[in-house]
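Here's the structure we're looking at; comments come further down.
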Amino acid sequence: MTAQNTFDVIVIGGGISGLSAAKLLKEKGLSPVVLEARDRVGGRTFTVQNEQTKYVDLGGAYVGPTQNRILRLAKECGVKTIKVNEEERLVHYVKGKSYPFKGSFPPMWNPFALMDYNNLWRKMDEMGSEIPREAPWKAPHAEEWDKMTMKQLFDKICWTSSARRFATLFVNVNVTSEPHEVSALWFLWYVKQCGGTMRIFSTTNGGQERKFLGGSSQISECMAKELGERVKMESPVYKIDQTGDMVEVETLNKETYKAKYVIVATPPGLNLKMHFNPELPPLRNQLIHRVPMGSVIKCIVYYRENFWRKKGYCGTMVIEEEEAPIGLTLDDTKPDGTVPAIMGFILARKCRKLCGLTKEERKKRICEIYSRVLGSEEALHPVHYEEKNWCEEEYSGGCYTAYFPPGILTQYGKVLREPVGRLYFAGTETATEWSGYMEGAVQAGERAAREVMYEMGRIPQSQIWQTEPESVEVPALPFVTTFWERNLPSVGGFINFLAASVLSVATAAGMLAYQKGLLTRS
């Protein structure tokens, strides 16, 4: 289409998902336009460049094996990946003490805690295996699990306080919310569609294995450059009107665009900023009121030298202390060893609690906990500090992703990506693989673009959903479990076994005593 402001498809949102959709449409000979509310592309990815940091990812940054779509895009853009350092030991900080370790999860020396931890991960993966990626509301136990919070599930399956405490951190780290806030069905689905508990939490061979050299915003900027003037910045969408032959979209700056189809590539809750004519269907209208965003402040502390590596630590800290602002850290030093830095997340309840502090106060508290965990005075003397509070972002509403409270997924989940007339829905929340990550954003954007192409008669329906070949540069390795990890009983199972054993021994002893005449009938 050549008329001014008239296109084949309007894409709302210039993050990775929206740009992926527009890129694919353009490659297939269609005419898309991208309307982005901010003065930049990238959405929940945000790379800042300055003298102190060279560059720093204040938003989405991590990528790993099985995230093949975002890796393909990066390769097309000439963006290389670098491994997050995990050569030295990690540190688990609990009850005021630091415990160095190697591997994905901290080891447990208490046998009851070990059984409890092992059963927790095994149980979550077992439950997740029942949940269909494409339709979690169709799981055999969907209704039961959706009425339950993750806190209720943890209370049900965990016997020890240490397992419950770490399980809470596991939810905080992965979805920036609290166990009492999220549906068990939704969280179990979320972990499953990321490849399971090991894949989602691990650095090496997991979701945090790598970053993009030069920052993740390069990928959005590369796609935007390819689209050229089709990307309109500072164009928040105010109104979507489907009543005419063409869909009309109006922005806050009073620009009007027309197209045959529209792809909405924003977090679901941001649909509330748009006025729809005709009104959205009842379930879609209620869905967008019911899926809040997670809460996180991403913090990067810079130091004169990499003192933690000199002490034999890689920079990863798993911190279990209520007063500590940070729950998880990763090394953020540049691959050539320059600009030594530690990245940490202020998560969920702690994010909400510490939002009221000044930036300087947050930095001070972060440095203090790093000093205690690493046992180093040097941690108290940073040379620079960067942070990004995603809760204050008007056009994100939070990070990393939207979460589903109890009861929502089974009642409203089926309309999450269901088209409304000529409106189609993208955004990482609508993905079925690595939802919440950059990978999910690409899958969702390209799927929505293919839905439009199918509706236009350009592709068969069978081509809407497509698998992605594995990345050659970043292959996925299987996680190998030991015999004991597969067969170690839960605490409850062990207690039942002991009780049954004691009962059996007592019964056998009684029978023997009776046979020998040691017991007589009265």
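Just so you know, glycine gets a Cβ as well, placed from its N, Cα and C.
Now, the feature entries from Swiss-Prot:
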type: TOPO_DOM; residues: 1-492; note: topological domain 'Cytoplasmic'
type: SITE; residues: Cys158; note: site 'Important for catalytic activity'
type: SITE; residues: Cys367; note: site 'Important for catalytic activity'
type: SITE; residues: His384; note: site 'Important for catalytic activity'
type: MOD_RES; residues: Cys399; note: S-8alpha-FAD cysteine
type: TRANSMEM; residues: 493-513; note: transmembrane segment
type: TOPO_DOM; residues: 514-522; note: topological domain 'Mitochondrial intermembrane'
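Of the listed recorded positions Cys158, Cys367, Cys399, the Cβ environment within 10 Å is emptiest of other Cβ atoms at Cys367.
When secondary structure is read from DSSP and collapsed to three states, Cys367 (site 'Important for catalytic activity') falls in the helix class. When the alpha carbons of Cys367 (site 'Important for catalytic activity') and His384 (site 'Important for catalytic activity') are compared, the span between them is 11 angstrom.
With respect to their backbone Cα atoms, Cys158 (site 'Important for catalytic activity') and Cys399 (S-8alpha-FAD cysteine) stand 28 Å from each other. DSSP gives His384 (site 'Important for catalytic activity') a strand state.
In sequence order, Gln52, Thr53, Val301, Tyr302 are the residues near His384 (site 'Important for catalytic activity'), counting only same-chain partners six or more apart with C-beta under 8 A. Secondary structure at Cys399 (S-8alpha-FAD cysteine), taken from DSSP and collapsed to helix, strand or coil, is coil.
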